[in-house]
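Some features that Swiss-Prot has for this protein:
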type: ACT_SITE; residues: 266; note: active site
type: ACT_SITE; residues: 458; note: active site
type: ACT_SITE; residues: 520; note: active site
type: DISULFID; residues: 179-419; note: disulfide bond
type: DISULFID; residues: 313-327; note: disulfide bond
type: DISULFID; residues: 337-360; note: disulfide bond
type: DISULFID; residues: 344-353; note: disulfide bond
type: DISULFID; residues: 382-389; note: disulfide bond
type: CARBOHYD; residues: 210; note: N-linked glycosylation site
type: CARBOHYD; residues: 509; note: N-linked glycosylation site
type: SIGNAL; residues: 1-17; note: signal peptide
């Protein structure tokens, strides 16, 4: 997860005032028009009188302090779209939407629900021998195109190493918002990593050991994805993900009949409740969703933010990072932070959710970040802030930017970056950061099991906060889950049988896991443990 500096305040007014409209340049590349500062003035005057004093003051300060930054210009990624003839398959959403069938009641209905006519899916069969990533394993890459909105989402699919005809299919999503899921592929749970010499190294603990995995770069303008428009909230991104899965399973019906699971980490704590709810809202679908998994997620800020001070001040199982004075200062700031989040929860408006995010992140998160310690692992210093404290990302980025790699994958943008700070900014300043997406989890639990797991050395989405929000969640099984005790989680499937890897509690469709000795990215720090609980979860244990 990537947090913002105050230098990005300048864009708050722009994002809250008006969605970006896109003009088409003569070369076919989308270019955003210049935004007029008067839009900010007019919109501010319209809403300011209705805001609480503290929030109104925040926006007045924005206008005064950052006027010189207005207006701004936002440009899309440079890209060259490949003709359809260069792809092995092109699936038209309009064709799927046009199919009608007769139901058991004799009434005609569409075979598959959802707005799909504006979407296409382009598919390329990847030759593993050209890249050296999981040789012998069937792979596909390509783009989901929203032709109406000029959005193009990149994906890379790996078939299971074990039994692809029967093993489940899993979607993996990294967070940010704005970070590529290829980070998860090459740094965490995918079939290979890239060493400092840009050599491909196989990962024996890959999650495709017993499952087929789709890595998706979303929202648009993340990783190899691109667009002439933008997505700046989680709900809009959910429509794209539903379309991708629908068209993918239509092209590959051999996977559609198998169990499907949606998984991710960090800001995926926002994404997954929305995406799962979107899929489950459709009665007639070819997506066989069976469960959801969220690792070290941000899901319920109101319940999670009070746990930052304990985690940073020695109450999360690791030595304190902050001194007592700073810890007291965080305590003193918490009441106002929570008041702002509560107001955001009540209105879900950017005009109140943005101040909540800016104040809380400054008062509650910034003290830790100023120490130079890794916000994703309280045990280590941040080696390289530009690479999110993980220098390994530099090699991954260099490898993915090789022309031979991009050609083999059918990539249409000119370059790859692991995280797009512009996407992070847009989500934050549209108020998405603090919104109460946890409220969707009870309806999801009515239909499928949900696993919340957390590496216990992470600060930024720490295990204390994830335990707190799962215990506090109001759903029919709330009391039994909250009363359930954490029990030892042990390895059962290999030579290390009996080794403690964490703690687990479960009741009904809800499960929480604390994974020992892991930071924000559990599969990176504890690859054996992550594959252990992942395989057991897919196998139906705990639900």
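Including glycine, each Cβ sits where the backbone N, Cα and C put it.
Between the CA atoms of residue 327 (disulfide bond) and residue 344 (disulfide bond) there is a gap of 25 Å.
For residue 360 (disulfide bond), the same-chain residues lying six or more positions away in sequence with a CB closer than 8 A to its CB are 301, 305, 337, 340, 341, 434.
Counting neighbouring Cβ atoms within 10 Å of each of the disulfide-bonded residues (179, 313, 419), the lowest count belongs to 313. Spacing of residue 344 (disulfide bond) relative to residue 382 (disulfide bond) is 32 Å (Cα to Cα, whole number). Of 266, 458, 520, all annotated as active-site residues, the residue with the shortest Cα distance to residue 509 (N-linked glycosylation site) is 266. Of the recorded residues, residue 382 (disulfide bond) and residue 520 (active site) place their C-alpha atoms 13 Å from one another. Using a 10 Å radius centred on the Cβ of residue 458 (active site) and all shown protein chains, the other Cβ atoms total 31. In this structure the alpha carbons, written CA, of residue 313 (disulfide bond) and residue 458 (active site) are 13 Å apart. Secondary structure from DSSP puts residue 266 (active site) in a beta strand. For residue 179 (disulfide bond), the nearest of the recorded positions 210, 266, 353, 458, 520 in terms of C-alpha separation is 266. Residue 458 (active site) sits 25 Å from residue 353 (disulfide bond), counting Cα to Cα. The distance from the Cα of residue 266 (active site) to the Cα of residue 520 (active site) comes to 8 Å. With the fewest other C-beta atoms within 10 Å around its C-beta, 382 stands out among the disulfide-bonded residues 353, 382. Among the recorded positions 210, 353, 389, 419, the residue whose Cα lies closest in space to that of residue 520 (active site) is 389. Cβ neighbours of residue 389 (disulfide bond) (same chain, under 8 Å, six or more residues apart in sequence): 374, 375, 376, 377, 380, 382, 383.
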